[in-house]
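Visitor: Have a look at this one before I ask anything.
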Amino acid sequence: MVTKPLLRVLNGARADRPPTWLMRQAGRYLPEYRALRAERGGFLALATDPIAATEVTLQPIRRFGFDGAILFSDILMVPWALGQELTFGAGEGPRLAPALVDAALTALTREPARLDPVYATVRGVAESLPAETTFLGFAGSPWTVATYMVAGQGSRDQEVTRRFAYADPAAFGAIVDAIVAMTIDYLARQIGNGVEAVQIFDSWAGSLSPEQFERWVIAPNRAIVDGVRARCPGVPIIGFPKGAGGKLAAYAAGTAVDALGLDETVDPHWADAVLPPELPVQGNLDPLALLTGGAALDAGIDRVLAAFPERPHVFNLGHGIGQHTPIPHVEHLLQRVRG
Ligand code: 1CP
C-alpha cells in the first residue's frame, strides 16, 4: 500500500491538506546551493557529480521537509546525450552546439553514457530520502527541448523553432522522434534506479497554434507516456504544459498523463470545472506572490487551497521558484498550507 502523501495523491487519493513541493526547489534561492555551486565551478560540474547532485536534491528536503524531492538535473541533459555540446556560461543561459537550425541531426553522435551520472544520483538520493518523501524524476517535453536544440539557446517566443517546424516538418519530426526515444529510455531508467513519479516539463507549450500543439505537444507526449508505461507500469506521470490555457483538457485527454500541472495564469476554479473530476492537479500559486510575501502571498495560497474541494491536489507553484525568493516566505507557505 502506498503511504507517502504525495505519491498517494498522484495515484488519485484525496488529502485534507495537499502535499507540497515547489518546482525548481533545488537551486539558486538556497545559500547552501550557491555555496556548493561556487565551489564546483558551474551547473554541469554539479549535475554530473552524483555526490554533489545528491546533496543538492536533498538540501530543500532537509531545510523545509517538502513532500517531494525533485532530482537535481536539467532538461538539457537529453540534447547533451543526443550529441550536442552543452555549456552553462556565467551570467547567461545554457547553450547547445551545433544549433540544429544550421546542422543536420544526423551530424550528431549519440552519447547516452553522458546520462550515467544522473542514474548514480538517483540511486544516491533514493538511499537517503526520508521514508515519507516521494522522489520525482523529470525530463523536458519534446517541443520544449527541441526549441533549445534548434535555436541553440533559449528564446523569447521560440520563433526560430516554430518557423522551422512549419518550413520542414519532416526534419523537425525527426528531431522530435529522437527526443521521444531518448526521453522514454531516460525516464524509464530514472524509475529503474529509484524515482517514484516523473514530471514532463513543457515550459514553452504556450507558444503553439492549436494544430501545431496537437502535433508537437500532444502526440509526442502521448508517445512518451505510452513508452514509459509499457516499461514501468503504475508509475505516475505528471504533465506540465505551461501556457496551454484553453488547451489543457485536450492535453490531459490526448496525452493520458496521470496528473496535470497548472501554471499561475490558469484560474483554478475554471480548471476544476473543466477537467475530469478524478484527475489529480498540481499548482498553481504565482511564484511572484511567493517572492513578494505578505498579504499577496496569503491571499494567493488561500485561493489555491479553496479551489479544489473534492479533487486530488498537490500544492505547488505555477512555475519555478524565483532565485530572489526569501527563505522565510517558503517557510510561511508551508505553515499555511499545512494548517
Ligand atoms: O546554478 C545555475 O546557474 C544553474 C541554474 C539551473 C538550475 C538550478 C539550471 C540552468 N537548471 C537547473 C536545475 C533544473 N532545471 C531542475 C532541477 C532542480 C529543481 O527543479 O529543483 C529542473 C526541473 C530544471 C528544468 C528546466 N531547465 C526547465 C523546465 C522548467 C522551467 O523552469 O521552465 C527549463 C526550460 C530548463 C532550461 C534551463 N536550465 C538552466 C536555465 C537557466 C534554463 C533556462 C534557460 C532559458 O530558457 O534561457
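For all residues, glycine too, the Cβ spot is worked out from N, Cα and C.
In case it helps, TrEMBL gives these features for our protein:
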type	residues	note
BINDING	R24, Q25, A26, G27, R28, D74, Y148, S203, H319	substrate binding site
DOMAIN	136-152	domain 'Uroporphyrinogen decarboxylase (URO-D)'
SITE	D74	site 'Transition state stabilizer'
Visitor: Reported as an integer number of Å, what is the Cα distance between R28 (substrate binding site) and D74 (site 'Transition state stabilizer')?
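Guide: Cα to Cα, R28 (substrate binding site) and D74 (site 'Transition state stabilizer') are separated by 14 Å.
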Visitor: Give me the long-range Cβ neighbours of R24 (substrate binding site): same chain, 6+ apart, Cβ under 8 Å, in sequence order.
Guide: G320, I321
Visitor: Helix, strand, coil: count each for the residues of the domain 'Uroporphyrinogen decarboxylase (URO-D)' (136-152), based on DSSP.
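Guide: Helix, strand, coil within the domain 'Uroporphyrinogen decarboxylase (URO-D)' (136-152): 10 helix, 5 strand, 2 coil.
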Visitor: Could you state, as a whole number of Å, the largest distance between Cα atoms of any two of R24, Q25, A26, G27, R28, D74, Y148, S203, H319, the listed substrate binders?
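Guide: The two farthest binding residues have Cα atoms 22 Å apart.
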Visitor: Might you list, by sequence position, any residue in that chain lying six or more from D74 (site 'Transition state stabilizer') with a Cβ less than 8 Å away from its Cβ?
Guide: F43, A47, P94
Visitor: Could you pull the average pLDDT for the domain 'Uroporphyrinogen decarboxylase (URO-D)' (136-152)?
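Guide: Reported value for the domain 'Uroporphyrinogen decarboxylase (URO-D)' (136-152) is a mean pLDDT of 98.
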Visitor: Fewest other CB within 10 angstroms, which one of the binding-site residues R28, H319?
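Guide: Relative to the other binding-site residues in R28, H319, R28 has the fewest Cβ atoms within 10 Å.
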Visitor: Of all the binding-site residues given, A26, Y148, which has the fewest Cβ neighbours within 10 Å once its own Cβ is left out?
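Guide: Each of the binding-site residues A26, Y148 was scored; lowest Cβ tally within 10 Å is A26.
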